[in-house]
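Chemist: Quick paste from TrEMBL:
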type	residues	note
TRANSMEM	39-59	transmembrane segment
TRANSMEM	71-92	transmembrane segment
TRANSMEM	104-124	transmembrane segment
TRANSMEM	144-161	transmembrane segment
TRANSMEM	168-187	transmembrane segment
Amino acid sequence: MTLFHFVNCALLTFGPHVVYYSATPLSEYDTIGTCVKAAVVYLVTALVKLVCLATFLKVPENEGFDPYQELMKVLIGFIDVAGLYFALTQLTHRNISQNHKFQAVGLGWAFADSVLHRLAPLWIGARGLEFTWEFIFQGLEANANLVMTLSLAALGSLMWLRKNKPRTLVPTIYVCAFLLATMPSITRFP
């Protein structure tokens with residue numbers, strides 16, 4: 001039963017990434033290299049965020065709200081936006097259109113996030129003797145993170161790659177990008 005539970009949770013966590021890659025034109029244009037490059041940029045970004053979190057944030061002594069610490073968390077969260085900017089604009093993408101570039105970058109970014117944050121807990125915990133809903137919820141969270149990352153990559157593509165942006169939508173695009181960039185800081189509990 002434990003193997004079945006592990007396989008079920010692993011398919012729920014990592015399956016949508018594979019399905020998205022094969023169901024969209026990304027597989028036809030052979031964008032696996034772009035996905036891997038975006039995953040490497042995500043790993044470097046995660047390392048930079050880890051160093052910044054360890055350097056600039058202190059361990060709270062009480063459970064009170066500290067606005068300085070929360071502001072630092074949000075500012076450190078914008079390192080992801082900088083990494084996505086680098087992945088979208090600076091990486092060389094072999095014969096990929098703008099529509100497929102943001103999809104490949106977002107998919108590689110989300111897959112690396114899922115592997116980094118969910119593979120080890122899934123491997124250790126889902127093989128336990130009893131069934132727990134925690135790993136199914138992690139799989140659902142990975143799916144929601146895939147949608148959020150693709151949305152952030154699409155907004156980044158609209159902001160940084162398109163030359164003919166609709167002028168009336170520019171403030172809306174920036175507000176949505178700001179909300180998506182700060183969303184992990186808002187929804188993540190200590």
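Every residue, even glycine, has its Cβ placed from backbone N, Cα and C.
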Chemist: So what's near the transmembrane segment (144-161) in sequence-distant terms, Cβ-Cβ under 8 Å and 6+ beyond its ends?
Modeler: 16-17, 20, 80-81, 84-85, 88-89, 98, 101-103, 105-107, 109-110, 113-114, 173-174, 176-177, 180-181, 183
Chemist: So what's near the transmembrane segment (104-124) in sequence-distant terms, Cβ-Cβ under 8 Å and 6+ beyond its ends?
Modeler: 6, 9-10, 13-14, 17, 20-21, 26, 31, 34-43, 46, 83-84, 87-88, 91, 93, 96, 135, 138-139, 141-142, 145-146, 149-154
Chemist: For the transmembrane segment (168-187), find every same-chain residue at least 6 residues outside the stretch whose CB is under 8 Å from a CB in it, and list them.
Modeler: 70, 73-74, 77-78, 80-81, 148, 151-152, 155-156, 158-159
